[in-house]
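Engineer: Structure provided below as structure tokens; questions to follow.
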Amino acid sequence: MAISQVRRLVISRAPSVIRSRSLTTCRSLSRLVTEKDVLVEGIGSGTSLRPVSSLPRPSGICWNTSMLKLQHGTRSFSSEAPLHAVVAMPALSPTMNQGNIAKWRKKEGDKIEAGDVICEIETDKATLEFESQEEGFLAKILVPEGSKDIPVGQPIYITVEDADDIKNVPSDISGNSEEKEPKEEASATKDVGTQISIADLPPHAVLDMPALSPTMNQGNIVNWRKKEGDKIEVGDILCEIETDKATLEFESLEEGFLAKILVPEGSKDVLVGQPIAITVEDPDDIKKIPSTLSGASTPEVKEEKSAHQAVDKEGKLQKTGFTRISPSAKLLITEFGLDASSLHASGPLGTLLKGDVLAAIKSGKGSSGPSHVSKDKTSQSTQSLPQTPGVSSSESRSSDSYEDFPNSQIRKVIAKRLLESKMTTPHLYLSSDVILDPLLAFRKDLKEKHDIKVSVNDIVIKAVALALRNVPEANAYWSAEKEEVILCDSVDISIAVATEKGLMTPIVRNADQKSISAISTEVKELAEKARAGKLMPNEFQGGTFSISNLGMFPVDRFCAIINPPQACIMAVGRGNKVVEPSIDSDGIEKPAVVTRMNVTLSADHRVFDGKVGSSFLSALNSNFSDIRRFLL
């Protein structure tokens, strides 16, 4: 894969290189945080302050000290670590927030000179080369080759100035490891919650984030109705949970006391199954629950609990009965006429939850014969659970074969932006047929008389550019900030080019001022660069109008999706020979064979109205009918 080179990096969102220096050779560096352009370094029991500006900064990089800690996850090493630099994933385009490590050009231990290519990074636009800004030695690669979706600011490698220091860089450093504390301090500040087991806790129940809808996989804690220490009765509302459908109340299924809230009010995107609270039966046991326990520090408790459940399942041969049932689960069983004995209870103390019934409905399990509900409800449940006689829907789904096809970073961005365009831009579609015969005759003359080979698409670009110059209202875009139409000064045509990684749109700038042969040469060069991944950002960012041509395929007409922030894209179909009446030179109407080509505009209705669209299509039709207009 050929790669475009990035000679200078100017990153305003986050720094690319972080220097970590040891201040002494006998004591350990325990903290490194930034606050208001001041570096705070804790050494032993004392603390020293000095401006961040005293640290060396590579040229060409804008530092944002307020984000230094969070963006890059700076690692603090002991004083035995040598002088080194931690290099983070850079932002190689304005819209880039993550990237993929396509290839490492340097290996650990290699000498690095200023300007050497360290690695190839696949961004949301193209694959670019990441060059070193200073000399040294590559001591440690933190993110291996082929890693996907590396956030901007995450450390990717470490360099040192002296080759002898390579062996002194700790080998257990990784790109996503947490900040390493000295062993002395780590033993004193270790989270108590992570060392808790069931044996250390009083009798209790861990409440997980429930699945309150079939499609729910995470939710938000909107409000806690109960406080820690409150008495809980069966049916009491513990909290309000916002799902992907609505905000619902979470009821308690048994009595007790709320000992600990693990996920605070206002927490977002809490995964289904994550512990959110702990209850106890005896109020005296509340104080025995450690105050340091949190939702993130309960995995050991959950794992030990699940291990006991697994042992129970092996001994009881998949027990499916239940000792308790929630009111909402009972209502669903009655409404859908399910066989309650076939449902599996996942709640505490063998309680059948609403989520258990919804899961059974979704999988098609638990359906029974006639129920006590009305015929209408029975028919509705039958329609919602279609099954083939003798074969359950779950079995039929498991027999289907499929293959996961991973998307490239470019395709992910294309999918996201096209969806946003279709949902946020009011699309107006205008279609027209143009006569291609004058264009084809002109193309033939260029080849035979002047030995100039151009494609139909090259002439289409020229015709569109001249039409935009004649109708400047069509060469515009919508400004969301100003809420008005902005006219563009130049006519820059974006050409859709299909590549292995996705659709790219290289730009022919000032197309109205270039000859057809110049446009043809430039389009060929841009298309080759796009397919090889060599396009520079200025060659595909921008543009005032797009053309998508499928005329080389058996496609008569189609509608394209606008490429924001542009306001229009023209879809070009193939030329078809048709018979239509034509007036001969003697004034007699006779049948004639002509070549027609369909063009369809997808326009932003905030910029284009019927008048602008029809004026543009009229000008375009005139350019195709009389090629001499290209000389005007």
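Each Cβ is built from the backbone N, Cα and C atoms, and glycine gets one as well.
From TrEMBL, for reference:
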{"type": "DOMAIN", "residues": "84-160", "note": "domain 'Lipoyl-binding'"}
{"type": "REGION", "residues": "167-191", "note": "region 'Disordered'"}
{"type": "COMPBIAS", "residues": "177-188", "note": "compositional bias 'Basic and acidic residues'"}
{"type": "DOMAIN", "residues": "204-280", "note": "domain 'Lipoyl-binding'"}
{"type": "REGION", "residues": "292-315", "note": "region 'Disordered'"}
{"type": "COMPBIAS", "residues": "300-315", "note": "compositional bias 'Basic and acidic residues'"}
{"type": "REGION", "residues": "364-404", "note": "region 'Disordered'"}
{"type": "COMPBIAS", "residues": "379-391", "note": "compositional bias 'Polar residues'"}
Engineer: Averaged over the domain 'Lipoyl-binding' (84-160), what pLDDT does the prediction give?
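Structural biologist: Reported value for the domain 'Lipoyl-binding' (84-160) is a mean pLDDT of 87.
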Engineer: On the DSSP side of things, how many residues of the domain 'Lipoyl-binding' (84-160) fall into helix, strand and coil, could you say?
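Structural biologist: Taking the domain 'Lipoyl-binding' (84-160) as a whole: 0 helix, 39 strand, 38 coil.
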Engineer: Just give the helix, strand and coil counts over the domain 'Lipoyl-binding' (204-280), going by DSSP.
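Structural biologist: Helix, strand and coil residues of the domain 'Lipoyl-binding' (204-280) number 0 helix, 39 strand, 38 coil.
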